[in-house]
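*Asks:* Straight out of TrEMBL:
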type	residues	note
DOMAIN	A:73-232	domain 'Glycosyltransferase RgtA/B/C/D-like'
TRANSMEM	A:88-109	transmembrane segment
TRANSMEM	A:146-164	transmembrane segment
TRANSMEM	A:176-205	transmembrane segment
TRANSMEM	A:217-238	transmembrane segment
TRANSMEM	A:319-335	transmembrane segment
TRANSMEM	A:341-359	transmembrane segment
TRANSMEM	A:371-390	transmembrane segment
TRANSMEM	A:396-418	transmembrane segment
Amino acid sequence: MKFLNKNTLLILILALAAVLRFYKLDTYPALNADEAAISYNVYSLIQTGQDEHGNPWPIHFQSFNDYKPGGYFYIVLPFVWAFGLNEWSVRLPGAIFGVLTVLFVYLLVKELQKWQQFKILNYKFEIIASFLLAISPWHIHFSRGGWEVNAATFFIVVGVYFFLRAIRNNKYFALSAIFFVLSLYTYHAARIVTPLLGVVLLIIYRKDLFSSANRKLFLGSVILGAVLLVPLLTSFVGEASARASGVSIFSDRGYIDRIEEKRARHEDPFSVLNRILYNKPKELAIEFSKNYFEHFKGEFLFISGDDIERNKVPELGQLYLWQFPILIIALYAISKKSKGWGLVLAWLVISPIPAALTFQSPHALRAQSMIIPLTILSAYGLTVILKFLNENIRKRGILTTCYILLTTVLGWSFAHYLHQYYVHMAKTYPYSSQYGVKELVEYMNENVNNTEPIVVTTRYDQPYILFLFYTKFDPKQFQGHHILTARDKYGFSTVPAFNNYIFKSINYKDEDRDKFPGAILVGTDEEIPDAANVIKNIYGSNNYLYFQVVAN
Amino acid sequence: MNTNRWLLVVILVLAAVLRLWQLGEYPIRLTNDEAAIGYNAYSILKTGKDEHGAVLPVIFKSFGDWKPGLYIYLTVPSVAVFGLSEFSVRLPSALLGVLTILLIYELAKELFDKKVAIFSAFSLAVLPWHIHFSRGAWEANLALTLLVAGTLFFFKSFKSKKNIILSALFFAFSLWAYQSAKLASLIVLIGLGIFYYKEILKLDRKNLIISAVLGILISLPIITSLFTGKTGRVEVMSVFSYTRPLEYIESTIFEQENITSQDPVYILFHTEALNLFRGVAGRYLNYISGDFLFFKGDWANPRHTSVDMGYLLFVSVVPLLLGLYVLFKSKVTKEIGFVLFLLALSQIPAALTRDSAHGVRSLGMILPVCIILGLGLARLYDFILKQKRIVGLTIISLTFAAYLYSMCLYLDAYFVQNKYSEPKDYFYGYKQVVERVFEREKDYKRIIFSQSYDQPYMFFLFYGVGHDARFAPEVFQGNTTFQESPSGDVGLITHLGGIEFMPTNWYEDRGEENTLFIGRQEDFPQSDIASGEFNVEYINYPDDKPAFVLLDRK
């Protein structure tokens, strides 16, 4: 290692991070509906100054009535402006943020060591941390695509980094405030993580912040942040906050039924003891704790990952399995000498809170910022092991064997991950992203005369937005010419028709064959009977059959 | 007596109340294993043979699951004194539970100090995990007692040499108690060997040899059982007996990659060994998850837990984390190392079996867990002593209130909520249905009881012994109709005292007159139950859903 100076190593790591994040970025995995929504709304803004539904320059985008935070949209905007409406332009910013997060974790860990004196001499803790983030399945997954959360995590890391720098050089306070605010504009979960992290920073560095040298600039930055937040607050009132609270544990009625059921099993359901044992605050506290601990469950972190297929790679946890012993070692070492670890540990404790407040737990997406403290801790565990090996094993042969073993385990896990990601993910979870739609629209563009009605199945998520995206449909013709349905039970709306496109579930035999004479029907394999006049089978990039095109 | 002694007495009394109060009534049903243990103990008492006529067996054949016999022998005196009843079957386990608390106190005292000992004993006394399996004839609970006793007397042998022999006896007999104990005891022994080899070498040679010989002699019958197929359900339960079905591998791996099992990619990333390792690692981690410890307990087997409860009191999260911190922070002495070793490995025996979680097979975890809880509480106590009086009092009151609240929640779940959660009390109703059959049977030519792996015959034996001579052991032993299972798993009894146990062949038999059919509701078509052609009688669960249906043609 000595023959390479540390910057060369860092550059190599960044290059590795970039390869892992940019390779086949436009095609794998297929674009999903949320990414298409981001792109098309931005496209619409550029063309008309309004989003797809005609709202001018929104802070929260109405989209599927889920009111997406707008930060990432505006980051994508120059990319769409420069490169046009395509997969690259919506995904590039995410991937770039991914690589930059690796860089800033390096800088952050280095900065932490300056302040906290837990530097372990000569072991390049920060290099290991950035390397582990570069190859982290959890981080790579959400860097490859237009995931708002990945941008928010980046902003939080940069915000913390500039905060630490600001303590010695107080002109950075303003930058820190700006990045923290950016994270709030970008992702719902950050609206809980960032303020809590701010409180932790305030407590840990209270003496430095209120020293006579820093006081003015610090408070000035706080005010700057507050002012920058005003537009967000005004936008958050109303629909956007309704959506946020719609997914929270408070809106789920299950716990109230549970209280009633348990109380009813006593002779007097309203006795004092009954009220003390079973009541709303207690049930909610238990529900929250249960969700919270789900994020530290081995099954989630190391074995199978998230429950949602879109958020995971088959047969892999959010972290590598070898990170379990390494994390235990890190915690063990920290228990021995805990000075300086407050921030990282608090970060880990805070990160799952927003996800635990929603009823879908564990949630790899909402709790993604966990990856930063987990990576730093893993790096520390690995550093402790390396230090231990170097200091305690005198025989060169044994030491080399240990290194070879470590490298083999890490190398194999990494190869296994890549194999599962590139070979199996799209095939094991064929519905995790909108495979096949691009191929479908390409075929239609070439072969189908635009004036016939085209009826497309709604079997897969939000087809309208993908059709808008792939046909680059003129936003002016869309705004005001479509209706948005009422919210379904999950809180989402959709557009059932635009131009000559109709989106509905296909019932070929009993309904659609006679209802749409001369139309083009596009259904799934199950929806289209063999007897129909199938003119084309559409396969996704994973070679699975997604659509059958029928000339009626 | 000093304060510590008094405190210990109070803790033991508390433990005894929690384990003995209404022991015969709660749990509200007897499991088939409990019934079998009771009946075999009764059979040994009356005839010196088990239900199958084997003379004083070490391992009881029972349903074909080969139960190690120690608990059954311990039940003999209890049955002799109190008669065959729910209470007499469960009493040994409850008393052993109380004894274990005393043993943990002594053990924690040997390992650490009196303060940690008293807090460990307290933590065990109020541990839902331990309360649950002390209230019921759970052989694993006996194995735990022996494990703790063996460990304790190992430490005591440093001061008084003869104790090593006792220690060996306890460890060896734990094999006689519970199948999974083999691995659990082995792990503790290895731990002792690693951390205390210097002390072992210093022990008296003669005693050491006697212990080794005795230990081996006593374990021998169990060890040989490994080779004679009397290992019960070890093969059925072991994770190594379950591989991925070929169709699954074909549809996922071969098809997706267009490879065969000889392909290097398969060997590198998809082997059965890797899959097994992943499974075991996953189960290992399940045992240290919040769900297992605090929120759900044994989610794979609801009978092993209380409604919406884990195995630790909610409040224990604080002493648990604190205890882990103390354990990690302390200088690595032999004692700390030993506890860390147990903490890391005591869920291995359970992780090697097929269930994604299992509260009984992981019972050995209680040993490290309650010592860690003790360490945590002791640390909290030290912290309180350092505070100002008013702050200290506030923390004490809050802690006390939190324990009381968690305990009330647990007791309510155990004594009230459990009663109504039907799937958990799967065996509820057998007592009632057996009594009903005895009342009605004289009016019928045939009694047909739906056959199942609940082993309904055992409930007839257990509750019938006091009723008439048909069910007396000496009669049953000669006339058993036990049929071996073709797959080597548990078998079934087909006839007993005029009652037929057979799979309901309803459409052939429904016309039979003078016949009483008994079964689960789903054994009979709803249309026939409602047709009016039959007299229908229900035996209900406490929540008034039917547990059993008795049918006969009008």
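Backbone N, Cα and C atoms are what each Cβ position is placed from, and that goes for glycine too.
Locate each feature and note its surroundings.
*Replies:* Summed and averaged per residue, pLDDT over the domain 'Glycosyltransferase RgtA/B/C/D-like' (A:73-232) gives 92.
Sequence-distant contacts of the transmembrane segment (A:396-418) (same chain, at least 6 residues past either end, Cβ-Cβ under 8 Å): 135, 137, 313, 316, 320-322, 385, 389-390.
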*Asks:* Ranking A:176-205, A:217-238, A:341-359, A:371-390 by the number of C-beta pairs under 8 Å to the transmembrane segment (A:146-164), which range is first?
*Replies:* A:176-205
*Asks:* Six or more residues out from either end of the transmembrane segment (A:341-359), which same-chain residues have a Cβ under 8 Å from its Cβ atoms?
*Replies:* 112, 116, 118, 160, 188-189, 191-193, 196-197, 200-201, 204, 247-249, 251-252, 288-289, 291-292, 294-296, 334, 366-367, 369-370, 372-374, 376-377
*Asks:* Considering only Cβ pairs under 8 Å, which range in A:88-109, A:217-238, A:319-335, A:371-390 makes the most contacts with the transmembrane segment (A:176-205)?
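*Replies:* Looking at each of A:88-109, A:217-238, A:319-335, A:371-390 in turn, the most contacts to the transmembrane segment (A:176-205) are made by A:217-238.
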*Asks:* Residue list, the transmembrane segment (A:217-238) vs rest of chain: Cβ under 8 Å, 6 or more residues beyond ends.
*Replies:* 58-60, 166, 170-171, 173-174, 176-178, 180-181, 184-185, 209-210
